[in-house]
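For reference, TrEMBL has these:
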- 12-31: transmembrane segment (TRANSMEM)
- 62-85: transmembrane segment (TRANSMEM)
- 97-120: transmembrane segment (TRANSMEM)
- 144-166: transmembrane segment (TRANSMEM)
């Protein structure tokens, strides 16, 4: 059996196949839903109240930027704030002002999770993939900054592959459909 740093190689292969698959599907989903989000943002007159007018291209880039910010927050947050996250989780069992604030934050989070469960499920899938990658890379003996760099590179590149894959698929499908229509017209 092949090993990397005294660990089975199949675990690294799963890491290198599972994480890109999850983040590529996330990129594909964001690209697929971007038209409906942009229609809601531009045509919904949401921003006109604040005298903000967006072009469709800018709205697409804004959505992609927010998605990229989510990915960077996940990967950087897992490697930088691992100790402070445990402090937030453990503070619920104390009886002081931090416990009250923590309980209020968790109640708000639970209400938002219930209201927006489909987005929470996507977020949870991304978080679990990043946690799996972090654990595998730490067990392989990499430092925190190396883990952060590798995770960020894998996640961002996979997200970009998903976005570009959807745009390429949509473009090639439109050309194929157009050529089918032209062939149909030539026949009749």
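Cβ coordinates are placed from backbone N, Cα and C, and glycine is handled just like the others.
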Worksheet item: Excluding the flanking five residues on each side, which residues at least 6 beyond the ends of the transmembrane segment (144-166) place their CB within less than 8 Å of a CB in that stretch?
Response: 16, 19-32, 64, 67-68, 71-72, 74-76, 78-80, 130, 133-134, 137-138
Response to the item:
The answer for the transmembrane segment (12-31), taking Cβ pairs under 8 Å and residues 6+ beyond its ends, is 4, 63-64, 67, 71, 122, 125-126, 129-130, 132-133, 136-137, 140, 154-155, 157-167
